[in-house]
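*Asks:* When I checked TrEMBL for this same protein, it listed these features:
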| type | residues | note |
| --- | --- | --- |
| DOMAIN | 191-291 | domain 'Copper resistance protein D' |
| TRANSMEM | 12-32 | transmembrane segment |
| TRANSMEM | 44-70 | transmembrane segment |
| TRANSMEM | 82-105 | transmembrane segment |
| TRANSMEM | 117-135 | transmembrane segment |
| TRANSMEM | 155-175 | transmembrane segment |
| TRANSMEM | 195-219 | transmembrane segment |
| TRANSMEM | 231-251 | transmembrane segment |
| TRANSMEM | 272-293 | transmembrane segment |
Amino acid sequence: MTIDPALWSRFAIYLDVLPLFGLNAFALYGLTPRDRLAPTGRAVRWWLAALALAGLPLTAWAFLALVAAMAGTSIGMVDRDLIGQIATGTAVGIAFQVRIAALLVCALATLLPARHAGFVVGTLAAGVAVATLAWTGHGTMDDGAAGWVHLAADIAHLLAAGTWAGALLGFLLLVLRSWQSETPRQQAAYALRRFARIGTATVAVLVASGAASGWFLLIRSGSGVLPLDTYRTLLLAKLTAFVAMLLLAALNRFRLTPRLATGAGTQAAIRISLLAETGLAIVILLLVAWLGLISPSR
């Protein structure tokens, strides 16, 4: 299998930065102050530190892959002067620098008091890191006021996706630990209940921002009437996986979560459901990484 650095570096950075934001936020709404200081909270902080630190080389890889693609060469053959010019003289280069700084802040935030401050700082910094991803996609294709609206829609879409991805990671950390003791099961039930309203808002933002981006890419550009091509096939696959995630999320919220706190034999079912939902999320992130490299018009 041929490894496309541009594709796989984008996929890797999505897998890293989006859950970094969402898991920080999850610690604020899904864990009580006491839980943040408990073993569960320590496990969350370990994951946050690992994601933040892993994001540094992944960002460097993604930047070099982007420069190589722009120059039409391999990463090893990229001219150093060109790297410097793009890093300091373009908006996308500045975005990569901002992401590096934000990831460093995220890593340092795990050393702050764990009851509240560390997760607040981490959420804000990770949100900035997520926002920088929009500069490497189609969100910068429009000029003027329309360009800013398109960019804002892409940022909102990424933040909502990160909220969901991080929540899945947080739930898995709790639910998988509930094999060992009663406390993580109660924590998982609490977090799932707390996510109910946040999840509804997250889906609303995903749908609205996705529709806005779709309008810019397919309708406003005049390319929406084109026949099914690679871009539209991938987009259809992404939407299908998203609908499947919604169905699993609805199952969790309305059938499994109410029974989890009572221990009514749902732990195995909710684990399977969350793992399936996470698998779909990973597929969607791969599709998003791929879509960002393809023009929606011919």
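Note that Cβ sites are derived from N, Cα and C of the backbone, with glycine treated the same way.
Remember, predicted model here, so these are calculated numbers, not experimental data.
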*Asks:* Which of 12-32, 44-70, 231-251 has the most Cβ pairs closer than 8 Å to the transmembrane segment (155-175)?
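*Replies:* Stretch with the highest Cβ contact count: 12-32.
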*Asks:* Quick check on the domain 'Copper resistance protein D' (191-291): DSSP residue counts for helix, strand, coil, in that order please.
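*Replies:* Breakdown, helix to coil: 86 helix, 0 strand, 15 coil.
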